C-alpha cells in the first residue's frame with residue numbers, strides 16, 4: 001500500500017457538499033410517488049393538506065436542530081454513539097451500535113429494492129414486477145454502490161452532487177409547470193385553490209395521521225451525526241447547511257404538491273400509485289418515461305449516501321474497542337472498506353430474506369426508539385450540566401416536541417396493527433448483550449479471529465489508520 005499520504009478519514013467536505021448531502025437524505029422517492037397519504041388523511045381538503053406539509057417542515061426543523069446540537073458537541077463520525085456513551089453508558093451505546101448494524105443494512109436493502117422495482121417496472125407495464133428479477137437487480141445495484149463507496153470520497157462526491165442537482169431540477173420543473181398552469185388561470189386548474197378549505201375538515205385522529213405521513217417525507221435531517229468527522233469546520237458548517245437545505249426542501253415540497261393539485265383532482269391523486277407518473281401522463285404524455293428515471297436516480301443517490309454514512313459508526317465503534325479491530329481499517333482510498341463490506345453483506349441478506357413493507361415498518365419503529373433516547377439525553381444534559389459551555393444549544397421545547405412526534409411513531413403502529421414482530425425487534429436490540437457481556441465487558445479474546453484479521457488485511461490491502469493530529 002502506498003504510504004505517501006496519511007491513511008485516515010479526513011475533513012474534506014464543506015458547505016456545498018454538506019447541503020447537497022442533507023438534500024439527498026431528505027428528498028427521497030416519496031415526493032414523486034406517494035404524497036397522497038397526507039391528502040387522504042386530510043379528507044381531501046386541499047387547504048388542510050398544504051398546511052400539514054408546511055407544519056411538518058417546522059417539526060422536521062426542530063428535530064434536525066436537536067441532532068445538530070449532538071453533531072456540534074461531538075464533531076466526529078458517529079457523534080450519537082459518543083453522546084449515548086457519555087450520558088447513558090457504554091452498554092447503551094453498544095446496543096445503539098448493534099441496532100445500527102441491522103438498521104443501516106435494512107435501510108440500504110429497502111432502498112435497493114425500491115430502486116430495482118422502479119428501474120424494472122417499465123418492462124412490466126400491465127402487471128407487478130416479479131420478485132426474482134427484482135431481488136437480483138437489487139443485489140446487483142447494492143454491490144455496485146458498495147464498490148463505488150469503497151473507492152473513496154471523490155467517487156461519492158461527484159455522484160452525489162450530480163444526482164442532487166438532477167433531483168432538484170426535476171422537482172423544480174414540476175413546480176414551475178404547476179405555476180404556469182395557475183398563471184394561465186383556467187377554471188379547472190384554479191378552482192381547487194379558490195375554495196381550498198371548503199371540503200370536510202379531518203378529525204384529530206386523521207390530522208395526526210396526516211402529520212405523520214408528511215413527517216416521513218422530511219425525515220433524514222439527523223444524518224450529520226454520522227459524518228460530522230468529515231466536515232470542515234462542523235460547528236459553523238452544520239447550521240448553515242440546515243438553514244439552507246430545510247427551507248429549500250419546504251418550498252419545493254409545497255410547490256410540487258400545488259403542481260399536482262393544479263393538474264390532478266384530489267380523487268385522481270388518491271387513485272394513483274405514483275402521482276408524479278400520473279402527472280407526467282397528463283401534462284407531457286410523450287415524456288412520461290422521465291418520471292421512472294427520476295425516481296430511480298433519486299433512489300440511487302439515496303442508496304449511495306446511505307452506505308457511505310452507515311459505514312462510519314461501524315468504523316468508529318471499532319476504534320473504541322466495541323467491535324473487532326478488523327473494522328478499524330481503511331483501504332488505500334481512506335475508505336472503511338471492511339465496514340462497507342459488512343453493511344453490504346447484511347443488506348444482501350435482508351434483500352433475500354425479507355419483504356420491503358416489513359423492512360420499512362421495523363426500521364422506522366426502531367429508529368424512533370433511539371431518537372427518543374437521544375432527546376432524553378439532551379434534556380438530561382440540560383438538567384445535570386446547566387452551566388456546560390457548548391458551541392450550540394437547541395431551544396429547549398424542540399427536544400420535547402421531537403419526543404412527542406417519535407412517541408407517536410412508536411405507539412401508533414402498536415395500536416393500529418399490533419404484531420408479535422415488534423417484540424422480536426425489541427429482542428433483537430437486547431440480543432446485543434449476548435455479545436457485549438463476554439466480548440467487551442469481560443474482554444474475552446478470540447485467537448482465531450485475530451489470525452483471520454491478519455489474513456484479511458493482506459487479502460483486501462487494508463491497514464489501521466494513521467494517528468490523527470486532531471483531538
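Keep in mind that glycine also has a Cβ here, set from the backbone N, Cα and C atoms.
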Pick from 136-153, 316-333: which stretch is listed in TrEMBL under transmembrane segment?
136-153
Spell out yes or no: are there three or more C-beta pairs under 8 angstroms between the transmembrane segment (392-415) and the transmembrane segment (39-66), with each pair 6 or more apart in sequence?
yes
Within the same chain, where does the transmembrane segment (87-116) have neighbours whose Cβ lies under 8 angstroms from its own Cβ atoms, ignoring anything closer than 6 residues to its ends? I mean 6 or more beyond.
29, 80-81, 129, 134-135, 137-139, 141-142, 145, 296, 299-300, 302-303, 306-307, 310-311, 313-314, 317, 322-323, 342-344, 346-351, 354, 356, 359-360, 362-363, 366-367, 370, 373, 377, 380-381, 428-433, 435-436, 440
